[in-house]
Amino acid sequence: GTPQKYDPTFKGPIYDRGCTDIICCVLLVVAIVGYVVVGVVAWTHGDPRKVLHPTDSRGQFCGPQGTPNDSPPPQALRGLSPLPVCPPAPQICVSKCPDRYLTYLTASGNAASLEYYRNFCTPEYKGSQKAALNVLKDKECPAMLIPSTPLARRCFPAIQAKKGVIMVGNKTTYEDGWGNHRNVTELLEGAKKANVVLETRQLAMKIFEDYTVSWYWIIIGLVIAMAASLIFIVLLRFLAGIMVWVMIVMVILVLGYGIFHCYMEYAKLKGEAGSDVSLTDLGFQTDLRVYLHLRQTWLAFLIILCVLELVIVLLLIFLRKRILIAIALIKEASRAVGHVMSSLLFPLCTFFLLCLCIAYWASTAVFLSTSNEAVYKVFNESACPFSGQTCKPETFNTSNVTKLCPDAQCLFAFYGGETAYHKYLIVLQFFNVFMFFWLANFVIALGQVTLAGAFASYYWAFKKPDDMPAFPLFSAFGRALRYHTGSLAFGSLVLAIVQVIRVVLEYLDHRLKAAENKFAKFLLSCLKCCFWCLEKFIKFLNRNAYIMIAIYGTNFCTSARNAFFLLMRNIIRVAVLDKVTDFLFFLGKLLIVGSVGILAFFFFTQRIKLVQDTAPPLNYYWVPILTVIVGSYLIAHGFFSVYGMCVDTLFLCFLEDLERNDGSAEKPYFMSQDLRKLLKKTNKAQPEA
């Protein structure tokens, strides 16, 4: 803590500390080791090819090397998917999609057609040795072929519209292979998703083309946004007070004009027919314009605006000093950022670590979800004691099943498994989600405590910036990892538990959407609202607890308690500072994103005559414009998040400074001269060292 006797070599409370929350640190290390083990097990058992490649009716992949269906060229293989309007057909790996209408009953009478049809049959198919109906019954070949196009390694009907008529292969009807004639519109349902995917792919290709010709202009726009954000933060040192007071005056003037307008409308309606009807007599009207013809409506507006104007003027009278303190802290934060310029780039480190967490979680989730094995079951049409039991295709023909049930087949049923690993896959997925939230919150906490430590070293430097460490950001990062990993793990664990509960509630809400139990829906909505509020409160508490950890090096619970009660003792100052900074950040983001977005709009739509020929030709001009706008917002948000952390840190340091010090030689104030002058505080002359 702060020493009781002044020491000229003392550089603030941030350097005296020890390890905190060691148990949570050990727990985090054990959890990370377990997470790595889960990842290794998932990568051992999982197979992402199940997501990338289609399978046939036996669960075998179509195309990749090292599989039974890797006949050349493997990249051209497509799964022939049976359509829902057709009789059940086998799903087969083919080297080329069919390009004509053909039924097996028709092809079986023609050698050339049968040879072509063989390309779309299972390996068990032996040609014309078996009767045609038995071939279809045993699902060795599909009953029909339809002209198809390849999409996402699958064959879909080649649907096209000519003069408003839906056709497939220039025909409007087809034979389904069982002697029935159907309209091609019945294929639309089966190919609807394929058309959506095809249109999406075409849109994606055009967007990609736009990016290839405009990427360097997008980068220039983002650099402009970065420069504008930096300039805005620097200018806050000089313009913060002006912007805040201009905003307050504008609010007062707008309310004043509103009062004047309401009075004029109220006076204008005097004597008009029907204007004196009371609101209670009129009742509820769906056309809200009716109310604007009543004097009572404008009188109500007039009273409300007058009350608001009076409240704001009274607040300004009583809170003017606190507003001045908030402005002074914002100016001081601008100076602090100027002395720790590397802090503006630190969010890139946090972003990189978050990307690692997301990548590990996503890859582990994919491997876990694809670690099920192909399960084969016995299918038969006659009575069989082995029906529905699992089987192995390799040994099925030599087993007793075929002897007792001659018509039985060992077919692919689904992806699953009966081992202990497969039974607990859902638990591993839950652990994967939980660890993602824990590690992501830990990374964010590490960034917050690092920035807080760097800016606290600025505040608690008695002679600014001479008493600051040479590299305040790296020093704060080292202190956070060396002493407070456990405290950061504790805070992020509490937040992760609440977030996981919210995810579970969202899942339950999704599952209960079709349910008719209104009480359950109401209860679930209440729980979602409560945990949303709890998450917001914990984030607020954690942020301030991390600042106290950076300042004093106390454990998480002590820091959270001290920060909470310190803020509660100064709740009005907290509210004023919060609203002032929110306004400035909103104004800054609006100014940066709006100006850069407008500049990008005029440039990419070729409306700037000086650079009209420089703008690239585009399919969709909104692609680079939206990219620049979103990128500018993220850049501005990154800069202002650092600035916001600086303001919060200096504010807590300022409150601690006021409570712990009195300006005496033994306990001098560490605040800047501007803040001391504003509060009419002075430091007595310090004794010589």
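The backbone N, Cα and C atoms fix where each Cβ goes, glycine too.
On a predicted model such as this, the values are computed, not experimentally measured, just so you know.
Feature annotation from TrEMBL assigns region 'Disordered' to 54-75. Residues annotated as transmembrane segment in TrEMBL: 21-43, 215-235, 242-260, 298-319, 340-362, 435-462, 483-505, 545-568, 580-604, 620-640.
Between the transmembrane segment (242-260) and the stretches 298-319, 340-362, 435-462, 580-604, 620-640, it is 298-319 that has the most C-beta pairs under 8 angstroms. When Cβ-Cβ distances under 8 Å to the transmembrane segment (545-568) are tallied for each of 215-235, 435-462, 580-604, 620-640, the top count falls to 435-462. Here the transmembrane segment (620-640) does not touch the transmembrane segment (435-462). Their Cβ atoms form fewer than 3 pairs under 8 Å, with each pair 6 or more residues apart. For the transmembrane segment (215-235), the list of distant contacts is 334, 337-338, 344, 588, 591-593, 595-596, 599-600, 603-604, 615-616, 624, 627-628, 631-632, 635-636, 639-640, 643: same-chain residues at least six beyond its ends, Cβ to Cβ under 8 Å. Remote same-chain partners of the transmembrane segment (483-505), defined as residues 6 or more beyond its termini with a Cβ less than 8 Å from a stretch Cβ, comprise 17-28, 433-434, 437-439, 441-442, 444-446, 449, 524, 527-528, 531-532, 534-535, 538-539, 542, 545-546, 549, 553, 555-557, 559-560. Proximity of distant same-chain residues to the transmembrane segment (580-604), defined by a Cβ-Cβ separation under 8 Å and at least 6 residues beyond the stretch ends, is recorded for 214, 217, 221, 224-225, 228-229, 232-233, 236, 240, 243-244, 247, 323, 326-327, 330, 611, 615-616, 618, 621, 624-625, 628-629, 632-633, 635-637, 640, 643-644, 647. Sequence-distant contacts of the transmembrane segment (340-362) (same chain, at least 6 residues past either end, Cβ-Cβ under 8 Å): 39, 230, 233, 432-433, 435-436, 439-440, 443-444, 446-447, 450-451, 454-455, 458, 471-473, 638-639, 641-642, 646.
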